[in-house]
Amino acid sequence: MTLGDISQAQPSALNKLLFGDQDHWFLPEILLRTLVMYIVVLIGLRLMGKRGVRQLSVFELVVIIGLGSAAGDPMFYQEVGLLSAVAVFVAVITFYRFTTYLTAKSKKVEQLIEGKTVCLIEDGKFCIDSFKKEDLAQDEFFSELRLKGVSQLGQVDRAYLELSGELSVFYFADEAVKPGLSILPHEFDKQVTTIVETDVYACTRCGNTQKIAGSAAVCAVCEGKKWVKAVAHKRVP
Ligand SMILES: [Zn+2]
């Protein structure tokens, strides 16, 4: 059956599929409605003072989603008037500006709404408290570090999870690189619980390095029990 057959057999069904409950004449009106809302959105985003979406915090994303819904509906729902959408924009942006005013005034409000920068690595080891609290996926974190050319944690002085969700990494100079936990899969996967030869090992949970002489050992920092041999590779830029 072709589309033509369908339209001949059930013209009303095809009409409903293409036009919904609206009249044909609603289509040009949609152009006008969309143009108006497009301008409203542009003005709205200018008033928010945002240049891009890369640096949106979770709170701002919520605002954007709310505005998106308010902007889209009046474009094609005949029963939604333009003014009600404009009213939503005025309200949301006023609240947004008020909230950003509060976050600028008070550090506490800022942390409550925007979250705060989280320490991930300090002196070649995980900031283990952050890892517990933030519930970070180790795999994902290692992957990001590898993409930045890090092969073992002893190359990293500090690493932070920024508010934007991006990772910032500060490296040790080559001569200050220490032995640390390898994050290269072929080395990281060689985890042992019983140590046979005396050497420096890195805890797979927190990156702490310890010299271990025989038998099983418990990490002095996080009480982890799995180890891999610490490696001292320098970072390849
Ligand atoms: Zn540990």
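Please read every residue number as a count from 1 along the shown chain.
Placed from the backbone N, Cα and C atoms, the Cβ positions cover glycine too.
As recorded in TrEMBL, the features of this protein are as follows:
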- 105-174: domain 'YetF C-terminal' (DOMAIN)
- 25-45: transmembrane segment (TRANSMEM)
- 57-76: transmembrane segment (TRANSMEM)
- 82-99: transmembrane segment (TRANSMEM)
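Taking Cβ pairs closer than 8 Å, the transmembrane segment (82-99) reaches residues 33, 36-37, 40-41, 44, 47-48, 59-60, 63, 66-67, 70-71, 73-74, 113 in its own chain, all 6 or more past its ends.
Across the range of the domain 'YetF C-terminal' (105-174), the DSSP-based residue counts are 30 helix, 19 strand, 21 coil.
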